[in-house]
Amino acid sequence: MKVAIVHNKEKKTLEVTERLKTLLSQANIGIDEHKPELVISVGGDGTLLAAFHQFSHALDEVRFLGVHTGHLGFYTDWRDYELEELVDSLLTNREQSVSYPLLKVRVSYLDEKPDQCFFALNESTIKRSNRTMVADVYIKNELFESFRGDGLAVSTPTGSTAYNKSIGGAVIHPSINAFQLAEIASLNNRVFRTLGSPMVIAQDEWVEIRLENTADYLVTIDQLDMPKTNIRSIYYRIAKERIHFASYRHMHFWHRVKDAFISED
Ligand code: NAP
């Protein structure tokens, strides 16, 4: 098995990464940073997001595994003091694997530039910072509403506990193959009207957001910012591809949510 390690720069993470490399080498598991079968992220959920984007071109070949060096994460199953057990589980392949839905994002431009496609593991947002964002929201090619406000966020189930939660979106169990559209500070009055509540969109449906002005949008895909360009519309649906995790440690999802947001047991 060939393994790549992606880590953050924190002191503790660097120590854990060195220890992990030693254990992998003792188990005759090789490191291959370019064509790995397994990508181990050491850090937090943000580090796993970075690892995902580094290898999102090879989702069929690559499995992911997260070791967390801080608080319990949503994508990081192994603790830093469990490295021996982790390496042992890679050799014996005892643990389960699991896969989660991804968001497919297709960006269309006003000029001749060809469409671009991306995967989001958490979410994609469209915002306009200094002026009101004006956009038409289409669901399955039918105009649903005209949005005015700060922006819109489209999230995966595993991303529902991230930015989506901060803007009042629902937390969605990751076994549900759907995505969520949530508003960021919409303008609602007698003139402008949107639904005003987050919507969960089914896996065979798609959402297209057609932008009115082209000038100064900020489009994000997880922690990545897209350069400002002449975007005409952004199209979202659940991807056929999924992210696969190796050696997944089963933890009751709602226990993880409670642990992260309410109280530690
Ligand atoms: P960051 O600003 O350094 O960290 C954002 C925080 O979100 C970190 O504490 C991270 O956990 C946590 N997080 C990431 N994915 C999560 C998930 N699926 N469920 C629960 N918490 C999660 O940014 P970053 O590390 O580059 O991560 C980018 C993500 O930050 C975006 O995808 C977005 O969801 C989130 N974000 C949230 C807000 C907000 O809530 N207002 C604003 C901007 C961005 P770790 O500490 O374990 O890494």
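Cβ atoms are placed via backbone N, Cα and C, with glycine included.
Those TrEMBL annotations? Automatic predictions, nothing curated.
Site annotation (TrEMBL): NAD(+) is bound by Asp45, Gly46, Asn122, Glu123, Arg148, Asp150, Thr161, Ala162, Tyr163, Asn164, Lys165, Ser166, and the candidate from Ala4, Ala27, Ala185, Ala202 recorded at this site is Ala185.
According to its DSSP assignment, Asn122 (NAD(+) binding site) is coil.
Shown in sequence order, Gly66, Gly73, Phe74, Tyr75, Thr76, Ala162 are the residues of the chain, 6+ apart in sequence, with a C-beta less than 8 angstroms from the C-beta of Asp45 (active site, proton acceptor). Only Asp45, Asn122, Tyr163, of the recorded positions Asp45, Asn122, Tyr163, Ala185, place a Cβ under 6 Å from an atom of ligand 1. DSSP classifies Arg148 (NAD(+) binding site) as strand under the three-state reduction.
Within the same chain, the residues at least 6 positions away from Arg148 (NAD(+) binding site) whose Cβ sits under 8 Å from its Cβ are Thr132, Met133, Val134, Ser186, Leu187, Phe192, Thr194, listed in sequence order.
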